[in-house]
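Quick look at what TrEMBL lists:
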- R60, Q78, R83: substrate binding site (BINDING)
- H155: active site (ACT_SITE)
- E260: active site (ACT_SITE)
Amino acid sequence: MANQDPKLYPPGDIVFLDRGEGTTALIHLHGATIISWKCNGVENLYLSQSSVFDNKKAIRGGVPVVFPNFGPWPLGPQHGFARIKRWSIAVPPRKDHNGDVIVLFTLDADDETLAMWNYKFKLVYTIVLTPTTLMSTLVVHNKDTKSLGFTCLLHTYFRVANIETTAIEGLQGLIFSDKLKDGKEVKETRKQITVDKNYDRVYKDAPKTLFISSGPDPARNIELVTFNFPDIVVWNPWEQKAKEMSDFDDDGYKEMICVEPGKVIVPITLEAGQQYECKQTLICKL
């Protein structure tokens, strides 16, 4: 967790939010990627120690923003360009009347994005830190004169004490697409989702609330609440795949699980002037 210390980064590259009593968040302007969220001093996000901070490659961990495409993309980089662009601080961190900390980032179309994806857009990303929650709201604005289509997702890497003691609740009965089996669709029968191998599944029509638990030392219990994110991706590369990725720690798979809310199965279409709002709220229950 050494690279989740704000002192390691140039001040112009990061935004640090401090709610007090050990509750903090750290956002890197490269991709507006949340790279740390501590609640009562306990880190809840996984960030690979091997992650490359070159302002070019996507940050391996935290909460990367996926837009305008989830997965391989013939027009540009995998998972789109939002996670590898430098965002602007539209509203610097400030405290509201409750003492909660709010910051607002934006990303606008430029020559580089237009060369890949010929649409004018604006992304507005608002992050709010309270004593027990981290709220991330993404609003996509169509600034063009024509309709545009996209998929989007928050690629959240949760830090866990031990993958063997980690469970996800709330997905029982859903249909998932197994990306490691050519997208084969299967019904999830388990109440608690556990992972013991390379895992890459997209669950559709997910409920608005899920629970991720792990422990002990430290025990973590996170409630994930979504708005306008009907799909959930669950991913862990496991041992072999982890070793094949240069920016992923060889043993990192043991201490992380990705539970990623998104709108990825059916793309969103926005007419000129329309907007789409989606949100993830992470609640620390311990």
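Glycine too: its Cβ is placed from the backbone N, Cα and C atoms.
Bear in mind that TrEMBL entries carry predicted annotations, made automatically and left uncurated.
On the structure: features taken from TrEMBL.
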| residue | record | DSSP (3 states) |
| --- | --- | --- |
| R60 | substrate binding site | coil |
| Q78 | substrate binding site | coil |
| R83 | substrate binding site | helix |
| H155 | active site | coil |
| E260 | active site | strand |
Number of Cβ atoms other than its own within 10 Å, given for H155 (active site):
24
Between R83 (substrate binding site) and H155 (active site), how many Å separate their Cα atoms?
10
To the nearest whole angstrom, state the Cα distance for the pair R60 (substrate binding site) and H155 (active site).
10
Return the residues near Q78 (substrate binding site), defined as same-chain residues 6+ apart in sequence whose C-beta is under 8 angstroms from its C-beta, sorted by sequence, else 'none'.
G71, P72
Roughly how many angstrom lie between the C-alpha atoms of H155 (active site) and E260 (active site)?
5
Suppose we draw a 10 Å sphere around the Cβ of E260 (active site). How many other Cβ atoms does it contain, all chains included?
24
